[in-house]
Amino acid sequence: QLHYSVPEDRDPGFSVGDLAKDLGVEVRSLAARNLRLVSEGGQRHFQVDLAAGVLLLDSRLDREALCGQSPTCSLHLQLVMENPLQLHRVEVDVLDVNDNAPQFPKPEVLLEITEVANPGTRLPLEVAEDPDMGSNSISTYELSPSKHFALSINVRGDGVKMPEIVLEKALDREKVPVHHLTLTALDGGNPVKSGTARVTIHVLDANDNPPVCDPPISKVLLEENVPVGTLVTKLNVTDLDEGPNGDVEYSFKTSNNAPGKFTKLFSLDARTGEIRTKAPLDYEESSAYEIAVRARDKGSPAMEGHCHLRVELIDINDNSPEIVLTSVSSPVQEDAAPGTVIALIGVKDSDSGDNGQVRLQIAKELPFKLVSSFKEHFSLVTSGPLDREKASGYNITVRAVDSGSPQRATQKTFYLRIADVNDNAPNFSSPFDTAHVQENSLPGTSVFSVSASDPDEGSNAKLSYSILDNGMQDAPISTYFRIDQDNGTIYTVRALDYEQDKVFQVPVEVKDAGSPALSSTAVVHVFVLDENDNAPNIVYPSVPRGSAFHQAIPALAEPGYLVTKIVAVDADSGHNAWLSYQLQESAEALPFQVERRSGEIRVAQALRESEDSHRLVVEVRDNGTPSLSASVVIVISPEENSMQDFSKSLDLPQPSSEDTNLTLYLIISLVSISLV
């Protein structure tokens, strides 16, 4: 970017700057590179001399027309060169020159003053205007020499100089009824320029005391937002005259060219001089107002005084803080590390001073904290561990409180969702369960349903069940049972045999679908319930099927004589293995009976000598439902002198290894059931 300056009074063709030198290019290359000038403002004030490589003024500049009363005045241009294409920005400062003379609003000013006016009486004059800025603006005023009048210059609050004509010597209307003066306004330029106005002062008779404002310049402090109609001040104006000459009327003093804004906000009682508000006052819009009041009496001619009042507003805390959520990261993982940024929060308050100082707060019990990033900007970060299973989300209320009195506060609430991670293993309702299943049940029979829960959510809580092989059975446990992986129901794979396996330990594993997957196990003890599926087995007497057992007894055996004993066993258990013995009914009455529980066959009545052998059918029946039975045929033959030692003849067979194993299994089952 190139920067030049040019005074506003230079003629067209004036060299503003050496473009070729400042751009670092040769003059002869400018035409070949098609150097051209583009004005950003739409008006063409400059041109480029390609032969000399300089920026020339194309038209005469008027700073006041271009920039008005702005302290600075700059014109922006763009230089475009091709081969290669380049763009340069040129900023030209238009320097103010003293090309405008001060000028009064009116070329002639008519004033009136009573002949009895006291020395020191002031006659305000209108302020001259000068479009130039800085030192070239109005510097001072001068008044043509006079025996009676002198010039006084007061400086207003905004720095504007206000001329007043001051009476220095008493007047005599009879000697000089009219005074002609010349008021000159001088600027600070070089050379100095000036403007004049003719001042004609008519000396009037009678009303010789003007209204006097005490003090002439005053200041009032007033809080913003006071109710409309609030009394600002009551002007203290005195007029030593009596009657109409001392009756004062008040009015705002404004300029026709620039009417005061204060007239829209304040009202003036023309009779009492009370100034009141007539619209709300806002410190943020303007912190002070300059009010000029004219006090005029009703004399003839009327006399007037002038009061200047500066109203300074006191800021009150009338604006609540404003919270701006710049960014919110939701959801946030529950395993987020402390210090993780959750949200960016901005805050602002239109008030000033302590009223505009804002601090942010959140609830202390939340696992979050606020960290100041820079002025009026904060970060919400985690301050502790998060657990979605305890809190799946948080309603976070951010409260902004200013430092005013009374304090004003604003709060904003937003919801932060906590995203789940797989940090909880599935959990069975019980690590050990007991189930019962009837033996010989069809494959696919439902045995038991295990239940597990996982406090996680989504895929982390999707559970699948499986059976583990514990190696406790001869065959893998999966050949006996299967499990529905979705609902945890255990089914039989084949029919179970109580006499072979009375209890199973089924280890069940549940696993979630998280990554990595978590699991836990439980054991289900499945007890096989006995079914009456085994008929009694007669082990004594042992005879082939279809044959009979022959037993000889003494012919004179007495009633109660033990003939023999039937011994039977049942592979079932419990009620299904409770055996009872009985004789099948026959056509003839038999002199024998069978003990129901022991199976002993005894003589029931004395035998006759001529009796032949007897054929008995002994039935052994269990107590199951339905009941199963077995029978044996015994032929009893009475013989003379037959004395048999039944204890010897009762040759019971020794228990087989199979019967021994059966007894062992029964003992193991009883012990296992007792332990469970």
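Glycine too: its Cβ is placed from the backbone N, Cα and C atoms.
The domain 'Cadherin' annotation in TrEMBL covers 46-104 (among others). Taken together, the residues of the domain 'Cadherin' (46-104) have an average pLDDT of 79.
What TrEMBL lists as domain 'Cadherin' is 105-213 (among others).
Per TrEMBL, domain 'Cadherin' is recorded for 214-323 (among others).
Among the features that TrEMBL reports, domain 'Cadherin' is placed at 324-428 (among others).
The domain 'Cadherin' feature in TrEMBL is assigned to 429-538 (among others).
What TrEMBL lists as domain 'Cadherin' is 545-657 (among others). Assigned with DSSP, the residues of the domain 'Cadherin' (545-657) fall into helix, strand and coil as follows: 9 helix, 44 strand, 60 coil.
In terms of C-beta pairs under 8 Å, the stretch of 46-104, 105-213, 214-323, 545-657 lying closest in packing to the domain 'Cadherin' (429-538) is 545-657.
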